[in-house]
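Below is one structure, written out as structure tokens, with a few remarks after it.
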């Protein structure tokens, strides 16, 4: 094991050395490139100047490159000499280039402040073309005079600091005097800024004007080109940083800005040609750029190597750089040229290069794992080469033609690294995306299959739980009932999730096909809002609808639009603690714009951006763990299928607004959607109703297709035959169909057999309530989606007057989701049918409900007859005892009582009691017989007042007055020792016949009154009253009215229609 580890370390060490050698080779290649550049563009050597004279008589300037005028120049300190002035005798000899503090006779302690004149004599062949001097690096202001002509300047040299203007930049001085063989060059220099350096610090080039101009223009062009290349890279780095917020991009942008500033403010100082800047401003900018340049290089490399930025050394370096930068901004000008201050700044600026060493070593170590590091090493080599040569040129006063190769290599290496990384990541991302798409498809298929498998056990849980609740409702403790209700609520929520999972799978597989038809949103929206009545119980949230009454019809799939609105409203309620949820609509540019707005918690920009993506939830949804984040995604895709786009606008704490647009109906507007259509469209609608469910089933998921094989046919035929059998003999069943679309009503009428059913129609909920008040209906079929009053609200209002047995109600809904079904049953519906309706299913369910209703009706009549025939034993015994007593007292009264008793028995056992209606005279005869017997028994305790002002031949339900009279006598008057008065009043009013039984007995409290009208009153008491009430409600739409007060008597009344 140990030799293996040692061998591994040896291989790693050899690889490291190899890579290090290659890196040094990079540096060597860059050095060779610079040497070639110098050979191609550098100035030719010349005879050095001696004692201020240079001999160039043998040089043909027109054909020679520029020459360096290095050597010994005459220098006149403290004098700004002109050609016209007499030459002082105390001229010194100084080396150029060089600091004038190094002149003979000056000590190292002397500062560099002062002024003076440099003098050089150039002897040439007779001039035939202009010649030029290219000057740079003169500290700090200078001007050139050649043979008495002012040829160029930089700044304003002066013997007084107040009139002196510093400007250290490169410039060209040109002179031409044909035939001249001797040039006297006077360069006047002043420096009152830099205490350490002064004079001519860089070489002066001399040559023909054309060659000097060409070389200088080429240098400036290189600088400008590199500057704009850097500017372009900095610009796209800034743009990418604003998009991705990646700090490496910000560092890159700052780095190229710093390098670009150093380039245009150094060498030929082209920044002065672009901006009106002062000399000290440029110096401050150059120092700040220099300080941050090296630090940014280190920071970029560290981030590319995934090293932390937050180390203490890193923070200390940034603090030092920040302090230095602030100091440079505010420090007085004199400190900019102070040697100690400059040294301190230089040390701070070069410290990051020390940190670059371990970074380079780490790059070399990672080359085996990441070959892209070669491009970063090339970048580092270019940076180091550029820094090294720039330091060399500053130290030795060398400034050749601007050399752009190092910067270009750096840019090329860095850009190549990024592009290689980008394309590699793009390929990897493409492969990952393909893999993710495959995984997403597998996930969707898995979720769809899982949803199918979970539906059956989930519905089993719901059904068993509901059975337990129904079976033990009376005996179950409140805590147990609350727990089971919670189980049902959670189960319904899970069922909704499963439905969403199936829908998202269908949408991704493009298996959902819209069944477009003209729809009125005034009819759709109320039905959807009705589904949330139970959900909002106890919550301070207002559901509101703001739809114009004449809003045009839209073209859409009712089932899917209900789903969209349901999910949007459900989402709004989920994230709204209090306030309102409003559904609005408006016509805009030939389309209908639907809006669902809430006053909930709202969303921030990040949540809003992903709100419509599948499996995405807001923070509140993630915290409470409710839902899967599919509802809004499904809404968005369904809206897109309708040719619209779901939009969301929201601010945190200000609620959310979801909106989408729907196309208007192409051929029919809102009025046309309610109009009558010809027979052919109705026939088409019939075929559509019959076949649409099968088409949708065939487009459904695997495992859910309709059975269509040989074995399914006998069962289907048997079911169809059962549905087609007519009702039992009797009058046709009266059915009230309610729908705002006459086409649907016409379709329903054609589906039902006219011999068995008599279909009446209503086009609104209000009209249906008015029609239902007339009574005598066997069934109500109502559409859920209707304007003004939804089917849910209509059902609730009908249930105030009719029980589920007294008037069955079937709701037609565009969806068969659990939320729709639960809302319908909670409102009081007996059954539901999903649209489009299958004719066989419709007829089967209608027949079943009508049969149950008629059975209940028959039971009520037989119950009344049975109750009347079931004479109580004590009443029989008391009557016989009274007759026996009258034998000895009054035989006439005995005979009258025997006749009354006989009439009472005859009518009580009469078969007519099972009929639906009987004459009033017969009912009064029964009441008179009963009261005659009771009057004989109780004498003065019972007083009877008759107020009959109608024709006694009118028809009314049998045994409808007798139970009221008997109840008043026994439980009202005789329950108190003094007895009382019984009043029977039958009068005619505008609304019909008013019948009242009134007593002044002991009365009842409100709870007892409610119990009397209950379908299943407790005990024997009140059974006849409840039966009478139910029969009246069924026949006339209104039952008994009871007014009573304890100790003040009771009045029981009912009304018969005028035609009764």
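The count begins at 1 with the first shown residue.
Quick reminder: no glycine exception, Cβ is built from N, Cα and C everywhere.
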Q) With the ranges 373-389, 390-406, 407-423 to choose from, which does TrEMBL describe as transmembrane segment? A) 373-389
Q: Would you mind telling me which of 153-171, 172-190, 191-209, 343-361 TrEMBL tags as transmembrane segment?
A: 343-361
Q. Under TrEMBL, which of the candidate ranges 86-106, 107-127, 128-148, 317-337 is annotated transmembrane segment?
A. 317-337
Q. Quick one: which of 59-77, 268-286, 287-305, 439-457 does TrEMBL have down as transmembrane segment?
A. 287-305
(Q) At a 10 Å cut-off from the C-beta of residue 783 (4-aspartylphosphate), count the other C-beta atoms across all protein chains. (A) 25
Q: Take every residue in the domain 'Histidine kinase' (449-666), average their pLDDT values, and give the whole-number result.
A: 81
Q. Taking a Cβ cut-off under 8 Å, which residues six or more beyond the ends of the transmembrane segment (343-361) line up next to it in the same chain?
A. 23, 287, 290-291, 293-295, 297-298, 301-302, 305, 307, 313, 317, 320-321, 324, 328, 377, 380, 387
Q.
Can you tell me which parts of the same chain pack against the transmembrane segment (287-305), counting only residues 6+ beyond its ends and a CB-CB cutoff under 8 A?
A. 247-248, 251-252, 254-255, 257-259, 261-262, 265, 314, 317-318, 321, 324-325, 328-329, 336, 345, 348-353, 355-356, 359, 362-363, 366, 376, 380, 383, 387, 417
(Q) Across the domain 'Response regulatory' (734-850), what are the DSSP residue counts per state (helix, strand, coil)? (A) 49 helix, 25 strand, 43 coil
